[in-house]
Amino acid sequence: MFTLADISFRSRLLMGTGKFTTKEIMLQAITAAGSELVTLAMRRVDIKGGNDAILPTLRTAGVKLLPNTSGAKDADEALFVARLAREAIGTNWIKLEIHPDMQYLLPDPVETLKAASKLVKDGFVVLPYCSADPVLCRRLEEVGCAAVMPLGSPIGSNQGLKTKDFLQIIIEQTQVPVVVDAGIGAPSQALEALEMGADAVLVNTAIAVALDPVAMARAFSLALAAGDLAKSAGLAERRKYASATSPLTQFLSHYEVCK
């Protein structure tokens, strides 16, 4: 269990809702994953209520919705989308995403920090997607973000924890929850993030594009459950040198006597 803002979640797996072939498969995958916090791109929501299908579907899942500002290219656009989400969905929670580079979808650190500061002052619970930059994460924490969401690797790349060394520093230094977001392509990578000390992970592409998204969602859920249990059990310390599991001193002393 971990806490974001004032809400506790049993599952450490946050899920994205893009790239699924059907709404039904998306819903089944959310259920299989056991996710309680699900992201939703505002650009996919028909705010006029005409042919919007995804929002009613997600509301039947009984999960907390986390709208995001995906598609925003600067702070002003992100502020507009966040306020639209608050009005349309009725939540002050927002996943802040600003990535003007459409090839790599890397977050803009300057605009992200600027937008985060304004959104917090406007009463939002802000969860910013950001680069794995320890200094930036400290700044985001200082302006009042409820968590930081540093990337493991580029969005949808399935490359895993390419930023592992920097993620470790962020986990050590940051006082708010750390949710590793983007690039996680396998359950083992999600497990590794938890074993490093991350509070949760957000996964979308690896589940949505799998041959069997529902089974893959379940696989991620099991991996994170194992990681959570291992974390609470206390992982053995890593050592540079070998450490014998059974001392041989007494046995060898007996050998010397027999000679």
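For all residues, glycine too, the Cβ spot is worked out from N, Cα and C.
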Identity of the 1-deoxy-D-xylulose 5-phosphate-site residue among G156, G227, G234 (reference: A182, G183, N204, T205, source: Swiss-Prot): G156
Cβ-Cβ distance under 8 Å to A182 (1-deoxy-D-xylulose 5-phosphate binding site), same chain, at least six residues away: L105, Y129, L151, G152, S153, P154, I155, G156, S157, L202
Same chain, 6+ residues apart, C-beta under 8 Å of the C-beta of N204 (1-deoxy-D-xylulose 5-phosphate binding site), given in sequence order: M15, G16, T17, G18, K19, T39, G156
Euclidean distance between Cα atoms of K95 (active site, schiff-base intermediate with DXP) and G183 (1-deoxy-D-xylulose 5-phosphate binding site), Å: 17
Cα-to-Cα gap, T205 (1-deoxy-D-xylulose 5-phosphate binding site) vs K95 (active site, schiff-base intermediate with DXP), nearest whole Å: 17
